[in-house]
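Colleague: Can you read through this structure? Questions will come right after.
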Amino acid sequence: MQIKFLTTLATVLTSVAAMGDLAFNLGVKNDDGTCKDVSTFEGDLDFLKSHSKIIKTYAVSDCNTLQNLGPAAEAEGFQIQLGIWPNDDAHFEAEKEALQNYLPKISVSTIKIFLVGSEALYREDLTASELASKINDIKGLVKGIKGKNGKSYSSVPVGTVDSWDVLVDGASKPAIDAADVVYSNSFSYWQKNSQANASYSLFDDVMQALQTLQTAKGSTDIEFWVGETGWPTDGSSYGDSVPSVENAADQWQKGICALRAWGINVAVYEAFDEAWKPDTSGTSSVEKHWGVWQSDKTLKYSIDCKFN
């Protein structure tokens, strides 16, 4: 099994030569549930910049995210993987209005990618054809918007993010075809994996998604990101998955660092704990505890990759 896995891995990653990039998913609310302002975002980014200068978000209009985060990211030299929430028409229209209002106030280079939807297919909020239509809608919209220096956002790719298992399902193909870039989410915790199997499961999920996308795009030379992955440090167990600082540290080294060593770009979920979230999602009480740092910016475990 290991020989077969390594052979498949080598085939999928033939074009990879360098360490994969690191990004962090970033929450937009304070511990008390209020929305972060420009100065708070600047503080977050100033703290993160020694580790990464790429952040990922989920919506444009919610909490005035682009209005406040855009200027902060530009001031701190960050790029945003900017999420756009497409699931209902009213929300989608608010997202488009925010893009039109606030993209002109920042430089085009501040936006790394527009990501239409976050697991919209996994949750069955949209069909693949509906998501494809909204991806194309955003492509058309941003072509007509210019940044503060007069350059068009047409140069910025428009993609989507979804769970790895949905992406390998043939039903997702219309959305994959419409997207310039597709990010794949994978959480060994939510698959009830034991710690002994967690990193192997992560690699297998990611490679299946990458191979599917390479086949769909007709090339091994594609931009690819793991859009979310991580391990909770507290809360209840889920099957054989046990939240703890030790297990999160282990998954960082054996999963996240190892993926990056193979040249896979990873957006970690998430930078900071989000204390405002509910104690339980109805499945497991881990929602507050995914951060690499506590909400007060105390590091929980080493994130230096140790290849020894």
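Including glycine, each Cβ sits where the backbone N, Cα and C put it.
Residues annotated as active site, proton donor in Swiss-Prot: Glu119. Annotation comment: Swiss-Prot describes Glu228 as active site, nucleophile. According to Swiss-Prot, the N-linked glycosylation site annotation covers Asn197. Sequence annotations record features per position, and here Swiss-Prot assigns signal peptide to 1-18.
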Colleague: Can you count the other CB atoms that lie within 10 A of the CB of Glu228 (active site, nucleophile)?
Modeller: 22
Colleague: Give me the long-range Cβ neighbours of Asn197 (N-linked glycosylation site): same chain, 6+ apart, Cβ under 8 Å, in sequence order.
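Modeller: The answer is Ser188, Asp240.
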Colleague: For a quick check of packing: other C-beta atoms within 10 Å of the C-beta of the residue listed as 'active site, proton donor', how many?
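Modeller: Taking all protein chains shown, the residue listed as 'active site, proton donor' has 17 Cβ neighbours within 10 Å.
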Colleague: What's the CA to CA span in angstrom from Glu119 (active site, proton donor) over to the residue listed as 'active site, nucleophile'?
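Modeller: Spelling it out, the Cα of Glu119 (active site, proton donor) and the Cα of the residue listed as 'active site, nucleophile' are 10 Å apart.
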